[in-house]
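Participant: Below you will find the structure I want to go over with you.
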Amino acid sequence: MAKAKKIFVCSECGSESAKWQGQCPDCKAWNSFKEFSLGNSRQATTAQRAGFAGSLSSVTLLEDVDISDTPRFSSGISEFDRVLGGGFVPGSAVLIGGNPGAGKSTLLLQTLCHTAQNMPALYVSGEESLQQIAARAHRLGLPTGQLKMLAETSVEQVIAIAQQEKPGVIVIDSIQVMYTDTAEAAPGGVAQVRESAAHLTRFAKQTNTVLLIVGHVTKDNSLAGPMTLSHIIDTQLMLSNTDDSRFRIMRATKNRFGQVNELGLFAMTEKGLREVLNPSAIFLSRTEHPTPGSIINVLWEGTRPLLVEIQALVVESQLGNPRRVTVGLEQNRLAMLLAVLTRHGGIFTSDQDVFVNVVGGVRVSETSADLASILAIVSSLRDSIIDQHIIAFGEVGLSGEIRPVAYGQERIYEAAKHGFKKAIVPKANAPKKAIDGMEVVGISKLAEALEAI
Ligand code: TYD
Ligand code: MG
């Protein structure tokens, strides 16, 4: 047999190299390269993926491929299903990342206790003792009758037991404590995490089992060996804290079986994680004393609206090169908006530091926040308050034109539902029929927006 091939993997960013290096060329971390024996497992996965495993495979006409929907089943929690793209896909591997304390174990325990009512389910815990988990399940009032538990950190043992028990869903909590005999490195290292995940994923695919892997994130919000794992698994979800400590956001960062723009919202309560079914206004905290530099924007997240506050702070710069800082928005977008504001609004910020923040820890990945950002900036610069009952959304183009965004009317209806009285929106998004209690100002140029406030 050929000698097992060695590679070196950076434990910080997952970058690979054929030889050991003192400093990672990608993330610049020192002494982060760990030796990792590829063994034959990787070749096997590559071969299987290419369809060469075992006996000769057969070809199918594209026309004959069954395109009826991927069979899925519900996790029992609709917010979880939503982010998954409509529930679990048998034979898929899902990685659930998050900070310690985000609620990963709680969410999966709740999910599995319910799933176990319909099919065999196995919860493998390498972190908490079975007593701890049982006490939690009891306190949360979960049905504990059917769920099988296993305290184990050896991948080979887990697979052997899963072969006997034949669960439809397996939870591995967490991948960082698992080890496999085929990797020589210590548990927790990139090599072990990666090999363990690869073995478990292969098992899940072969047996059509749903595999849910918990992964803790490091300080910089990356999973241990992120590059390595994201190639192995099908879906990568992140459960993160928000500014409001009660709420948790779940997002997909990769999904072979669905969209990645869907957002799931949960509240951590004394009865565990509860889904927030009508979450559009959870990030709105109205203060009694409104301040300049703030306006509400209606985002569209996946399939629903979300009202968020955009805040700006504009202060005279002490630096030759004034600062442009964004939290929750793309920084280049801010630089562009400021240029448009100068050129088409006649408002100069070249001697000002500009900070823009999306309240609540929400990340904006669409262009609808352009208009609100500009209005918040102007409001802060002029030290004049924007009426708290105004919302704004719309994309701002380079020539100062206000462009429509998708789901314009739905956004306005949602704002009206939450008591807003005036909407400054792109002309093309303004509804033809009047909305009760809502004044809609349709605009097509930046100058009109500045007038409207
Ligand atoms: P946990 O699921 O253990 O987080 P993770 O597995 O992601 O590390 O959640 C732990 C946190 O959640 C902890 O701070 C306590 C809190 N919590 C509640 O507030 N209510 C509850 O019912 C439970 C089970 C946990
Ligand atoms: Mg946990």
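Residue numbering: from 1, along the chain as shown.
Cβ from N, Cα, C; glycine included.
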Participant: Given the ranges 19-23, 74-78, 254-258, 319-323, which one is assigned the annotation motif 'RadA KNRFG motif' in TrEMBL?
Facilitator: 254-258
Participant: By Cβ count within 10 Å, point out the most packed of the binding-site residues listed: G98, P100.
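Facilitator: Max Cβ neighbours within 10 Å, all protein chains included: G98.
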Participant: If one looks at the chain holding S105 (ATP binding site), which residues at least 6 apart in sequence have a CB under 8 angstroms from its CB?
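Facilitator: Non-local contacts for S105 (ATP binding site): S125, E127, E128, I133, D173, V214.
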Participant: Is it possible to get the count of other C-beta atoms within 10 angstroms of the C-beta of K104 (ATP binding site)?
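Facilitator: That number is 26.
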Participant: If you count Cβ atoms within 10 Å of each one, which of the binding-site residues G101, G103 comes out on top?
Facilitator: G103
Participant: I want to verify one value. Collapsing DSSP to three states, which class is G98 (ATP binding site)?
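Facilitator: Once the DSSP labels are grouped into three classes, G98 (ATP binding site) ends up as strand.
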